[in-house]
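As recorded in TrEMBL:
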- 1-19: compositional bias 'Polar residues' (COMPBIAS)
- 1-61: region 'Disordered' (REGION)
- 21-37: compositional bias 'Basic and acidic residues' (COMPBIAS)
- 39-52: compositional bias 'Polar residues' (COMPBIAS)
- 79-502: domain 'Major facilitator superfamily (MFS) profile' (DOMAIN)
- 151-169: transmembrane segment (TRANSMEM)
- 181-199: transmembrane segment (TRANSMEM)
- 211-235: transmembrane segment (TRANSMEM)
- 247-267: transmembrane segment (TRANSMEM)
- 319-339: transmembrane segment (TRANSMEM)
- 351-370: transmembrane segment (TRANSMEM)
- 382-402: transmembrane segment (TRANSMEM)
- 408-431: transmembrane segment (TRANSMEM)
- 476-493: transmembrane segment (TRANSMEM)
Amino acid sequence: MDKPSTASRFSEDSNSNPNVHRPEIKPRDSRFHEHIDNTVPNSPAQPEYSNGQEKKYGDEEGLALGSERRRVVEKRLKMKLDGRFSILIVIYSENYIDRNNAAAARLKGFEADLNLTDTEFQTLLSILYVGYILFQVPSNMLLNRIGRPSLYLPAAMVVWGMISVLTGITKNFVGALLTRLFLGMVEAAFLPGALFILSKWYKKDELSLRYTILYCGNLISNAFGSLIAAGVLANMDGKLGHAAWRWLFYIEGALTMFFALVAIPMLPDFPHNTKRGFTTEEIRVAQLRMLEDVGEIDQDSHEEKWYSGFIMALSDWKIYILMLSLTACVTGLSFNIYFPTLTKTLGYGTTETLLLAAPPWVFSCILALLNSWHSDRTQEKFWHSTWPLLMGIMGFIISMATKPTNKAGRYVALFFQAGSYAGYIIMYTWMSSSFPRPPAKRAVALAFMNALSQTGNIAGSYVWPAKYGPTYVKSYGVVLAMFVATILLNIWFRQILVSANRRLEEGERAFNEHGDTLEQAAKLESTTVKDAQQMQRGFRFLI
């Protein structure tokens with residue numbers, strides 16, 4: 001478990017001899033960081049020592065941790081951040097609506113008008129994830145390098161909104177295939193970029209709830225996307241000579257571009273370079289919060305190569321375990337792509353089907369918020385990610401065991417299945433807390449794991465062929481197995497972090513006597529010597 005204080009782990013040594021201190025950390029101990037000093041604008045000063053006592057960061061301005069002024073400024077800062085980042089919920093909702101509107105369009109002539117076979121429709125769903133996977137890591141590396149998410153993310157949003165509109169004018173399979181491929185390439189910028197920018201402003205004990213609020217944009221899109229689709233498909237057929245499903249792409253793409261323009265003045269950049277909407281005091285507190293969270297300012301060195309974070313991320317083998325777990329989980333969640341089709345098995349018309357598809361996602365959003373709030377309070381990840389997956393397994397079993405004529409039982413099962421997203425979201429927060437520093441490594445780690453895990457969506461696109469309907473027993477068997485694999489891989493990942501925490505404790509005890517053990521610790525954790533030194537100061541991976 002994570003320890004809140006960066007100094008508490010050394011209390012035994014410092015109490016026994018107050019005049020004994022650790023060697024001062026030199027600014028260039030790490031090639032991947034710029035140490036905090038007074039030459040960096042808006043950055044907190046380095047710790048100073050006097051009479052055997054460590055001076056608190058920000059103490060000279062009355063912003064030391066626990067001070068009344070600090071509490072006031074920090075509360076105001078977080079309120080501003082929560083307000084400004086609320087636009088990310090809308091963007092993520094539009095992201096998923098534009099990604100999944102083909103499933104709704106399928107109910108009103110999309111396949112027939114384009115003369116698609118069942119396999120071709122599945123290919124349209126899966127091809128999006130090819131571009132989505134390939135471009136996430138380069139996009140996040142570029143975002144970290146240019147440091148302007150307030151412009152980068154809305155620009156990407158405008159482009160994918162245009163592509164969504166163009167999907168509405170396609171005449172055949174090839175045209176639709178190309179628009180879906182390019183849509184995935186551009187949408188790749190958003191989710192890893194959003195996760196990264198949130199991790200630059202919020203501490204790790206605040207991220208679960210914020211990530212969940214962000215991900216509610218996804219869950220809400222399943223609810224309100226169905227409601228929008230119901231209204232458009234029911235009322236726009238034949239308007240201006242266009243089919244209803246074409247209007248669906250036109251309207252939803254236009255909404256995306258509108259909200260992109262709204263996002264530009266709302267989104268901040270990073271704590272070290274944002275220029276509007278915050279006072280100097282608030283920026284200083286934002287940087288202090290990141291320093292106190294791990295013991296290092298959250299900023300890369302300007303001297304480093306652009307690929308340094310890439311190399312560090314791919315050399316950390318922990319990434320591959322969590323990536324496999326996320327991939328299995330995403331495959332298990334593939335019912336989301338076909339949710340209107342699964343709801344259709346209840347036997348209702350198109351409008352009723354789309355309306356019935358909304359409540360399970362509202363339930364999922366509420367459940368995810370409560371689960372993440374409790375995860376932040378308890379600083380626990382494994383069990384908070386596991387029990388929703390077990391609930392999803394129960395939903396799969398109910399769907400396999402009941403006939404389509406049992407409408408009540410199968411509809412309740414859809415609620416359980418949608419609720420399993422609450423566990424998947426906790427796994428996202430586990431990514432940030434497990435690969436915290438340096439920022440370049442974290443940017444690549446978040447994008448790499450999210451990108452590769454989306455291969456689960458490619459596989460999942462072929463798990464639900466029409467020939468398995470209306471019971472979809474074989475499909476439910478596949479996704480059930482994927483959830484079981486996810487839980488087993490999470491157990492393995494948790495044990496890795498438990499062992500890592502044990503090594504950190506041992507390193508703290510040996511640090512005064514054997515400073516050279518830092519090199520070994522750095523190698524074990526796939527980080528720099530300086531990061532290993534900072535991690536000795538009370539840092540613990542969340543498990």
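Cβ atoms are placed via backbone N, Cα and C, with glycine included.
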Outside the transmembrane segment (181-199), six or more residues from its ends: residues with CB under 8 Å to it: 85, 88, 91-92, 95, 98-99, 127-137, 139-140, 143-144, 149, 152-153, 156-157, 159-160, 163-164, 167, 207, 210-211, 214, 267-268, 270, 428, 431-432, 442-443, 446-447, 450-451
Dominant neighbour of the transmembrane segment (211-235) in 151-169, 247-267, 351-370, 382-402, 408-431, by Cβ pairs under 8 Å: 351-370
Any contact, the transmembrane segment (476-493) to the transmembrane segment (319-339), with at least 3 Cβ pairs under 8 A: yes
PLDDT averaged over the residues of the domain 'Major facilitator superfamily (MFS) profile' (79-502): 87
Of 151-169, 247-267, 319-339, 408-431, whichever stretch has the most CB pairs under 8 A to the transmembrane segment (351-370): 408-431
Among 151-169, 247-267, 319-339, 382-402, stretch most in contact with the transmembrane segment (408-431) (C-beta, under 8 angstroms): 382-402
